[in-house]
Every structure is written in structure tokens, then in C-alpha cells.
Amino acid sequence: MVDNTINYALETTALGKKIQLKNNQSLSILHDITLQIPQGSSVAITGASGSGKTTLLGLLAGLDTASTGDVKLLGQSMVDLDEDQRAALRLGQVGFVFQSFHLMNNLSALENILLPLELEQSVSDPHKAALEALEQVGLSNRATHLPTQLSGGEQQRVALARAFVNKPKVLFADEPTGNLDQATSTDIEQLLFKLQKDNNSTLVLVTHDDALADQCQIHYRIVDGQLVTEA
Amino acid sequence: MNLLKIWRQAWRIDEMRLLFLALLVSVTAVTSVNFFTDRTERSMTQQATKLLGADLIVRSSRPLSEDYLSQAKQLGLQQAEIISFRSVVSVGDSLQLSDVKAVSDTFPLRGNVETSSLLDGRSEVDSLSNLKSGQVWAAPTLFSSLEIPPNTEVRIGRSLFNLNKVLVKSPNQGANVFQFSPEVLMPLADLPATGLLTPGSRARFSYLFSGTDAQVKNMTDWLKPQLKTGERLETLDDGLPSVGTALQRAQRFLNTAALLSVILAGAAIALTSYSFSRHETHSVAVLKTMGASRRRILVRYLSQLLLTSTAAAILGAILGYFIQNGIAYMLRDVIGTDLPAPSLVPLITGLLTAWIMVFSFSSPQLLQLVNTAPVQIFQNQPQPRSNRWKLLLLTIMSGIFALMWMQTQDLKLSAFLFLGTLGAILVFWAVSTLLLSQLKKLSRNRKYSARALSSAGNRLVLLVVVFGIGLFSLLLLTALRGDLLDRWQNSIPDDAPNNFLINIQPDEVSKLRAYLNENKIDPDLYPMIRGRLVAMNDKPVVIDDFESPRARRLLQREFNLSSVEAFPEANILLEGEWFKPEDNQGFSVEEGVMERFSLVLGDTMTFDIGGVQFTQTITSVRRVNWDNLTPNFFVLGAPGSMENLPQTWITSIYAPPENRSLVPDLIKQHPSVSAINISAIMTQIKDLIGKAAFAVQAIFAFTLIAGIVVLFAALQSQKAERRKELAILKTIGASRKQLRQSILTEFVVVGAVSGFLAGLFAVLASNIAAYALFDLEPSINLMLILIGTVAGAVLVGIAGYLNLRPLLNVAPAVLFQEHAE
Ligand SMILES: Nc1ncnc2c1ncn2[C@@H]1O[C@H](COP(=O)(O)OP(=O)(O)OP(=O)(O)O)[C@@H](O)[C@H]1O
Ligand SMILES: [Mg+2]
């Protein structure tokens with residue numbers, strides 16, 4: 001399935017993002033970002049609040065379009081793709097974990113995990129796969145519960161199961177533990193790294209926690225809209 | 001299986017449940033109103049056909065072709081035949097000019113005749129098969145004017161008949177009460193022997209038909225091209241103008257009520273889908289991060305909406321059916337029991353209503369939702385782009401129009417209501433935006449509750465518009481219903497005239513008036529001058545120049561002209577000026593005549609009155625209230641302008657039933673005067689109007705309930721948002737008392753503002769509607785505005801408070817359970 005010549009899960013060249021302001025001025029959030037992230041590695045992005053971490057993540061995942069430069073996701077340049085084409089590229093290959101979980105409120109834990117499988121339609125028994133994913137995050141007894149019936153930590157576990165259920169090549173996480181207490185955070189972090197390794201996914205993790213960032217193979221910091229590699 | 005899953009998942013979304021509820025209510029309202037109006041309409045129509053005696057009548061002054069009868073037979077219609085003529089009925093040397101009808105024994109096809117064997121005996125329903133050869137039945141006035149009891153031998157033409165029963169009630173008495181003489185029924189087979197039917201005799205030949213709607217329509221379609229000159233069709237509409245207009249008004253009202261309930265529900269649905277699209281934004285963004293295409297997402301939401309609306313429609317139609325069945329059962333004495341068979345039509349109407357509502361009211365938001373940028377996932381409060389408002393307005397408006405069209409199948413009514421609603425929404429929107437922005441300014445450095453009010457911004461505007469439209473609909477309906485019922489009650493009061501006195505000679509007027517005054521009756525006497533319209537604007541009238549059958553009919557007949565000093569009570573002056581007492585020039589003409597002959601104010605009309613040409617300029621135009629049972633005239637001359645023309649006088653009086661001898665004694669003193677008893681018609685019309693009034697009340701009550709339920713649904717749609725808001729306010733230390741105050745302030749202000757606007761609009765719209773749709777006189781009822789404001793403040797305040805009170809107890813912790821929405 002995967003072309004062997006692809007070495008990088010993500011590559012960017014001179015990536016920049018400008019925001020058009022009301023008074024005809026523009027604000028440059030990110031500029032001249034060039035990076036290469038090998039398949040299977042883990043990358044942390046840190047930076048001050050408002051430095052553009054989330055913006056970069058959105059660009060890398062093809063949720064947003066760059067003002068300048070290009071992003072290659074899994075070898076595919078996204079500059080000429082429209083929104084649906086970029087979505088198709090993510091389908092089954094990219095997973096997300098968010099700070100505020102973003103489970104579908106009207107779906108049970110299991111149904112939330114089923115969602116990416118149903119969208120991708122490549123797994124023969126999605127139900128079984130979803131149950132297994134739920135078991136991996138230790139919530140098999142909460143399959144029918146709705147998100148409102150789960151605690152924050154539990155919701156994030158479901159979100160992790162949902163993100164990893166179709167063995168994504170790239171997983172984006174934006175402050176995945178930002179809304180959780182210390183102990184729960186540690187659990188979730190360990191689970192995240194474990195699932196990443198099990199699935200051999202590339203992890204792009206945005207965090208403000210330097211200790212967490214140091215657990216990743218590569219650690220980038222955004223300073224003045226540009227990328228600085230930490231030791 | 002899959003459907004079940006979609007259903008289960010959709011059902012867990014608050015807004016979907018609300019949408020379902022709003023749709024359920026509106027479909028229930030529409031279908032039950034539809035079922036019910038259908039039934040009451042039919043019942044009223046049946047009632048009215050009884051007055052006509054048939055569904056369809058062909059009349060002519062010459063014998064009609066037998067082909068008509070054989071065609072009717074082929075089409076499966078019932079048939080009856082009448083040959084009527086005026087003839088003298090005599091006993092010894094007493095004579096009475098009578099309206100003799102030779103009828104086949106199948107007469108009447110609709111309604112029935114009632115007879116009595118005694119003059120003051122109880123009447124019973126009778127059948128013409130009991131009228132044997134050699135017998136006749138006659139109206140009570142014949143007995144009194146000839147001073148004979150039942151079972152007397154009378155002469156009609158060359159034959160002798162036994163006048164054996166009193167004809168108390170008979171349909172088909174015709175529209176023109178002025179031409180009545182005592183009615184006499186004789187068997188058709190006995191007619192030739194009387195020798196009265198000679199080629200020169202002025203008889204009227206009628207075939208009566210009845211059948212199903214389809215049969216009658218087929219027959220009408222077949223007949224129309226066959227008709228020879230002088231032959232004309234008569235149906236309910238032109239047979240009895242007074243019943244026709246009463247019916248039309250009732251139907252219009254019922255339709256208006258049904259439509260307004262649709263608009264009410266529409267407002268709730270628009271509100272619900274608005275909050276739906278706001279709350280689902282994150283879900284759409286999540287789906288997009290997973291790689292779902294826009295098409296997939298669209299299909300996902302469409303299937304949810306389709307399933308929800310279909311389920312609501314089916315359930316609503318079933319509920320609607322049972323509800324109207326319940327009402328119909330309770331009213332079985334009033335509306336009768338022969339109701340139309342339940343059909344699939346209301347179910348289809350229900351489905352169409354639900355689908356049109358959902359898709360026209362929510363498709364712009366759905367499109368917007370589907371186009372959510374996936375980066376929105378990172379934003380806490382995703383804002384729907386607002387550039388879809390125009391599209392939203394457009395689709396909502398076309399949806400509303402489609403629904404109105406479907407509901408009324410009446411272009412005028414739909415257009416009227418549509419433009420009214422459009423105008424109301426726009427003005428409500430503009431005014432409430434303005435008002436609330438003023439409030440915002442005011443509250444900048446004021447107390448907490450006022451500040452909370454201003455922070456809600458757009459949401460409040462939306463509430464004002466929704467509640468405003470809701471209250472407006474209800475106030476409008478209240479005003480119209482009041483006017484309509486008053487009008488009906490007034491048009492047929494208990495002492496409404498039950499006798500017409502005609503053919504009063506000018507020199508008898510004062511003596512007759514004195515006699516009536518003695519009996520405590522103060523009659524309005526009108527001169528009646530018969531004239532043929534011979535020229536307009538000095539151009540001779542040629543019948544063939546006119547296409548419309550009504551215009552031709554008017555020209556073939558003689559007009560009844562009159563002149564009065566006071567403006568006729570139940571009329572409305574449309575143009576020009578009414579005569580001053582000293583005027584002796586001019587005509588005041590009924591609007592329909594003006595229209596039919598394309599006349600305008602200032603034109604002249606020339607009548608041939610007994611060989612004299614009488615020309616006058618049209619100085620005013622009137623609308624005549626035909627359901628008022630006093631003499632009405634198409635053309636009125638200036639007071640005193642017609643004194644010298646040949647004329648007789650007429651009047652209508654109420655003869656109390658206990659004063660039996662009043663009319664007979666009058667006839668004895670004034671032998672040339674004819675009295676026409678219209679009590680039977682009156683009773684029937686009263687009965688009919690009673691039913692119509694009841695239907696109006698029932699449907700009004702129903703719309704009221706629908707309106708309240710839907711308003712609650714609208715309120716409910718903002719609950720989730722408010723829940724979060726209240727939790728935030730609590731976490732920052734707002735007390736429950738403060739919160740309660742802020743909620744109450746908000747809803748009382750919203751209610752008062754919307755009630756005020758609604759009242760203002762209802763005054764405007766009810767006047768326009770009264771005038772344009774219901775022929776009622778405009779009246780400015782400022783009370784409506786006051787009622788609107790107070791009722792709005794109280795109702796919306798209470799409803800809003802009740803709706804949100806449970807939220808006051810919400811623990812702030814819920815904030816952290818539910819992620820950002
Ligand atoms: N749509 C937008 N319009 C205007 N400014 C924006 C928009 N999106 C982002 N920004 C600005 O871009 C900058 C970067 O935002 P971003 O959300 O990427 O920051 P962040 O590093 O993720 O911050 P945090 O750690 O607080 O999440 C911020 O200053 C933000 O205000
Ligand atoms: Mg961020």
C-alpha cells in the first residue's frame with residue numbers, strides 16, 4: 001500500500017500563514033517553516049500561548065490552507081488539493097486527539113470509535129475492531145455510555161481509542177491532557193505513547209509541557225513564528 | 001436496522017428531538033385542521049345544498065332537452081324536474097296569485113320538505129311520493145289569504161285539486177325573495193290537465209341533479225357547452241348569495257387559522273435548526289478531521305432530518321386524524337355524521353408539510369454546517385457565518401409560500417398572508433434589533449440583570465421575532481374571529497325579518513305603516529322601481545357585447561331600483577359620496593355591477609322604466625352585504641329623484657310567531673300586497689351560521705393550543721445554550737436570586753416588545769384582512785396593542801421562567817462535563 005520511496009510522514013517547505021485583518025493589514029503567524037518528520041517518529045511542538053502551535057498543527061493535517069509554501073502529508077503535496085481531496089487523504093491514515101476531547105455527544109463510546117471505521121469502510125468487522133480498541137483503553141465496560149456519562153479522563157481515553165482504531169500513519173494531538181488533572185494526564189500520556197508504538201504511527205504532539213515534549217524523539221519550539229529545534 | 005441506528009443517534013441530539021416535537025405539533029395541527037375543515041366544509045355545503053334542493057340545476061324559460069336527463073342517468077346522477085309558473089289559485093271567488101311548482105316525486109334531491117296537515121300543527125318531514133294525483137300542498141300564506149283550512153278544494157287552471165297539506169318548509173325557494181308568492185306544489189303528471197302550460201305561458205323549466213362531487217363535475221362539464229340561449233346552470237354559489245358569502249368567509253377563516261398554525265410551527269423549526277447548526281459545528285469539524293467528505297456529511301445529516309421529519313409526519317397525521325375524529329364525535333349533532341371516508345390525503349399533506357418545513361427552513365443552515373472549515377475544531381465558540389441570512393430568508397419564505405399554497409389553494413389568501421408575514425418578519429427584525437441595541441447602550445454601566453440581557457444579542461432578536469410572529473398570529477385570529485362572529489350574530493338577530501311585504505301601492509304606504517306601527521313594528525319601506533338597463537354613457541346596451549353570464553343575466557332581467565335618504569345600514573361606501581338630503585340627482589351602484597359593466601364613478605346609466613328613459617350619473621359605489629336579510633338594491637337613486645316613476649313599495653318585517661294574525665290581517669286590509677314568509681329559510685341559514693361559527697371557534701382553540709406548544713418548543717431550543725451560560729454565571733458567583741431576576745427581566749422585556757409589535761401588526765393586518773377577505777368593516781382596535789403587550793410580557797415571562805427554572809439548580813460542574821459547544 002505504501003510507496004517505499006516515502007521516507008517522511010510530513011514535509012514542509014517554506015510554510016507560512018498570514019491572517020488578513022479587518023483594516024487591510026495582515027498578521028503573519030508562521031513563516032518560513034521547513035521540517036521533515038520521518039514515518040514512525042514522535043515530534044513535540046511547544047511554544048508560548050498564541051505562538052501558533054495549533055495553527056501549525058492545522059496546516060500539517062490539511063485542516064487549514066497555507067498562505068505560502070507547501071505541506072506534504074504522506075508524500076502527497078496538499079497545495080493543489082481542495083477540501084474534500086484533503087479529507088480523502090486523511091481518511092483512514094490520520095488520527096486526532098484534542099484538548100477538549102470532541103466526542104460526538106449523540107454517540108455512545110463504542111459508536112464514537114466506530115465512526116472512523118464506518119467512514120473508511122475497509123475493516124471487515126468494524127464492531128469487533130472498535131470493541132478491541134475500547135478494551136485497549138480499559139473501558140470495555142462503558143461501551144454504551146454516552147460522553148456526558150463519562151469523566152474527562154474517560155472521554156479522552158475514548159478519544160484515543162477512536163484516534164487509533166484504524167491504525168493511522170500520523171496522529172495529531174493538540175494539548176491532549178490540557179483539560180485533565182496531573183494523575184490522569186500521566187495515564188493518558190503513557191497510553192498515547194503506547195498506542196503510538198503499537199501502531200507504529202507518527203505522532204505530532206502540541207504541548208506546553210516541556211517534560212512531556214522531551215519524551216518525544218524530536219522537539220520543536222515556535223519562537224516568533226519560526227521553528228527552533230530543541231536539543 | 002440501519003434506519004434504527006440513524007434514528008437512535010439522531011434522537012440523542014437535543015435539537016432533533018425539538019425538531020421532531022415542532023414538526024409533530026405542526027403536522028398534527030395541519031392534518032387535524034385539514035381533516036376538520038374538510039368535514040365541516042362538507043357539512044356546511046351539504047346544508048347549503050339543502051337550501052337549493054340539489055347540487056346542480058339547469059333552468060330555462062323553454063322546455064329543456066330530454067338529452068340532459070339521459071346524460072345525467074348515464075353519469076349516475078339523481079334527478080328531479082320542476083316546472084314552475086305563476087298562476088291564480090282560487091276558491092269560489094277568492095283568488096291568490098301563487099307560485100305553482102309542478103314537481104316530480106324525486107324532488108327535492110337535497111334537503112327535504114316539511115308539511116303539516118293542520119294550519120298550526122307540528123310539521124314533519126314529508127316525501128313527494130305522498131303527494132297523490134289530484135292533490136296539492138301550499139304555503140301557509142295561501143291558506144290565510146284565501147281564508148281556508150286544509151283539505152279544501154281549490155282550482156288551478158282547468159283542474160280542481162284537494163289542497164290537503166300545509167307546506168311548511170321547502171327547498172329551492174330561489175334566491176330572489178322578492179318574486180315569491182305563496183308556494184304551491186303539485187304533481188308533475190297533473191300539469192297537462194290544467195291547461196296552463198301553453199307555448200305562451202311564462203313557465204320556468206328546471207332539471208335538478210345531485211350526485212358525488214365527481215359526478216356533478218362531470219355533468220357540469222358536459223352541460224356547459226350544450227346550453228342553449230336562455231338556459232343557465234345554477235349551483236350553490238349563485239343560488240344563494242347570502243349562504244355563499246357566509247360559507248366563503250368561514251372557509252377563509254379556517255384556512256387562515258390553519259395557515260397561521262403552520263407559520264407558528266415554522267418559526268419554531270427555524271429557531272431549532274438555527275441552534276442545531278450551531279451545536280453541530282464541532283461534530284462536522286470532527287468528521288472532517290477523520291476524512292469525511294462534504295457529501296458524506298450532507299448525507300449523514302439529511303438522512304437524520306429525513307427520518308425525523310418522516311416519523312413526525314406519520315405520527316402527526318395519525319394524531320391529527322384521531323384528534324379531529326374526537327372533535328367530530330363530540331360535534332356529531334352539529335356537523336352531522338356522514339363524514340368523508342378517511343383517506344391518505346391528510347397523510348400525504350402531513351408528509352409534505354413536514355418535509356417542506358424541514359428542508360426549506362433548515363437547508364441553508366445545513367449547507368453552512370457542511371461547509372464548516374475543519375480548523376473550527378480548534379475554536380471554542382465556532383460562529384456560523386452570517387452571510388446565509390439572505391438565503392435563509394429566501395428558502396423560508398418560499399417554504400412558507402409553498403405551504404400556504406398547499407393549505408389554501410387560494411392564491412389571494414396565500415399572497416395576502418405571505419406578504420403580511422414577510423413584512424411582519426422584516427419589521428419585527430428591524431425594530432427588535434434597534435430596540436435591543438438601545439437597551440445594550442443603556443445597560444452598559446447598569447445593573448447586572450440588564451447587562452445579562454444585552455449580552456444575549458442576536459438570540460433575543462430571534463426570540464422577539466418568533467414570539468412576535470406567534471402572538472401576532474393569535475391576536476390577528478382573535479380580532480378576525482371576534483369580528484366574524486359579531487357580524488354573523490348581527491346579520492341574523494333573533495328579530496331578523498321573517499316576512500317580506502311586496503307589491504305595496506304608493507297610496508297604501510302610510511296606511512300600512514300605521515297598521516304596523518300599531519303592532520309595534522317600525523318598518524323601513526322602500527320604493528321599488530323596475531327598470532331595464534338600456535344604455536351606459538349614452539351608448540345603447542347590446543347583450544352580446546358581454547361575455548360574463550352574470551352580466552348577461554342582469555341585462556335580461558329587470559333591475560330593482562330604489563331611492564332612500566339614509567345610507568343603507570349594512571352597506572359599505574367604497575367610492576364617491578352618499579346623497580345629501582337635498583340631492584335629486586345621481587345613482588349609488590353596487591360594486592359588482594360596476595365591475596361587470598366596467599363602469600367608473602361619473603359614468604351614466606340609463607334605465608327604461610315603464611317606457612320612460614331615466615338617466616343618472618354614478619355618484620357613489622357601495623359594497624352590499626348580501627347576507628343581511630333586509631332589501632338590498634344594486635342601484636339606488638337620490639332621495640326623491642324617483643317619486644314620479646311607476647313603483648311599488650316593499651319592506652321586510654319581523655312578525656312575532658305569537659302574533660299569528662298580523663300578516664293575514666294585513667293582507668286582508670291590503671289585498672294587493674303579497675307577503676312572503678321566509679322563516680323557514682331563516683331557520684336554515686341560522687342553523688348553518690351556527691355551525692360555521694362553531695367550526696370557527698373550534699379551529700381557533702386548536703390553533704391557540706398549537707401556538708402555545710410551538711412557542712414552548714421554540715423556548716426549549718435555547719435551553720442548552722442557557723444551561724451553560726447559567727453555569728458560568730454561577731461559577732463567577734451570581735446568586736440564584738440574581739439569575740432568576742435576569743431570566744425574568746429578559747423574558748418580560750422580550751415578551752412585551754414582541755407583544756407590542758404583534759399588537760400593532762395585528763391591528764393593521766386585521767383591518768386589511770377584514771376589508772379584503774371578509775368584507776367586514778375596518779375598525780381600529782387599540783386594545784389589541786395593549787392586550788398584546790401585557791399578554792406578551794406575562795405569557796412569555798411565565799413561559800420563559802417556567803422553562804428555565806429547573807436550570808437554576810444546575811450545578812456549575814456540568815460545565816466541565818460537557819465540552820465546548
Ligand atoms: N482566525 C484567526 N483570526 C485572527 N487571529 C488568529 C486566527 N487564528 C489564530 N489567530 C492568532 O494566531 C495566533 C496563533 O494562534 P494559535 O491558536 O495557533 O496559538 P497556540 O500556540 O495554539 O496558543 P495556545 O497555546 O494558547 O493554544 C494567535 O495570536 C491567535 O490570536
Ligand atoms: Mg492552541
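Placed from the backbone N, Cα and C atoms, the Cβ positions cover glycine too.
Taken verbatim from TrEMBL:
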- B:256-371: domain 'ABC3 transporter permease C-terminal' (DOMAIN)
- B:699-809: domain 'ABC3 transporter permease C-terminal' (DOMAIN)
- B:257-277: transmembrane segment (TRANSMEM)
- B:298-323: transmembrane segment (TRANSMEM)
- B:343-361: transmembrane segment (TRANSMEM)
- B:389-407: transmembrane segment (TRANSMEM)
- B:413-439: transmembrane segment (TRANSMEM)
- B:460-480: transmembrane segment (TRANSMEM)
- B:692-715: transmembrane segment (TRANSMEM)
- B:747-774: transmembrane segment (TRANSMEM)
- B:780-802: transmembrane segment (TRANSMEM)
Closest-packing stretch to the transmembrane segment (B:257-277), where packing means Cβ pairs under 8 Å, from B:298-323, B:343-361, B:460-480, B:747-774, B:780-802 = B:460-480
Residue numbers, six or more beyond the limits of the transmembrane segment (B:343-361), whose CB comes under 8 Å of its CB atoms = 19, 23, 26-27, 30-31, 34-35, 262, 265-266, 269-270, 273, 305-306, 308-310, 312-314, 316-317, 320-321, 395-396, 398-400, 402-403, 406
Where else in the chain does the transmembrane segment (B:460-480) make close Cβ contacts, counting only residues six or more beyond its ends and a cut-off under 8 Å?
-> 253, 256-257, 260-261, 263-264, 267-268, 270-271, 274, 421, 424-425, 428-429, 432-433, 435-436, 453, 700, 703-704, 707, 710-711, 714, 718, 746, 750-751, 753-755, 757-759, 761-763, 765-766, 769-770, 774, 781, 784, 787-788, 791-792, 795-796
Average pLDDT across the domain 'ABC3 transporter permease C-terminal' (B:699-809)?
-> 77
